[in-house]
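A short worksheet on the structure shown next.
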Amino acid sequence: MTKLSVNINKVATLRNARGGNNPDVVKVALDCEAFGAEGITVHPRPDERHIRRSDVYELRPLLTTEFNIEGYPSPEFVDLVLKVKPHQVTLVPDAPDQITSNAGWDTKTNLSFLTELMDTFGQAGIRTSIFVGTDKEMIEYAAKAGADRVELYTEPYATMYPRNPEAAIAPFIEAAKVTRSLGMGLNAGHDLSLVNLKYMHTHIPWLDEVSIGHALISDALYMGLKQTIEEYKNCLRS
């Protein structure tokens, strides 16, 4: 079964735009769980423009599903993850001022750096995932670094899907097969939506997890959070 992890960063963005605590990020996360989400994802950035470190600490003891913290592994980020001990940490190669993730790791160039991080998090009992594109070599070096999983960066798929679904999914099927052959788990995320999620899941049914935030929260403005989560989970049913 492919798990749906809801990224709640956009909820925090809305809260921070006005100040105060409305919407309540913690309540939304707990409601997502109650409505069927199998995980919660947060991406705390250095400027705390959406999720704050205090949110991460507040969420950890309250969540009953998988907690995934993603981000660039700066010393501050590593320290936060080791203190909070989520179920999973997803490493992304973002610059501090980046609006959103837009590429996977060059795992070959960063092999020693990533290997050390995999060891650090692994010793703490935290499952590791490295954000990568579909290049076979990058996936192979993620395995060499000791990653438990990779998360495929799916923006190229989402962009091409409306024009040519078969061409859009083809490199991701191959990347998914390589990942499976190397014994790693498989996650996916970035620009997945109700438009393109079911097609991806149909062709890669062994996905362990999809992390979805922007599209899901946008859909919830029209359908409500409960129905939206149900619709996304329907896309993940065989």
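All residue numbers here begin at 1 and follow the chain in the order shown.
Every residue gets a Cβ built from N, Cα and C, even glycine.
Record note: Swiss-Prot gives Asn7, Arg18, Gly213, His214 as 3-amino-2-oxopropyl phosphate-binding, and the candidate from Asp24, Asp31, Asp191 in that site is Asp191. In the three-state DSSP reading, His43 (active site, proton acceptor) counts as coil. Straight-line distance linking the Cα atoms of Glu151 (site 'Transition state stabilizer') and Glu70 (active site, proton acceptor), rounded to a whole number, equals 11 Å. Summary for the recorded positions Arg18, His43, Arg45, His190, His214: the Cβ-based neighbour count within 10 Å is maximal at His190.
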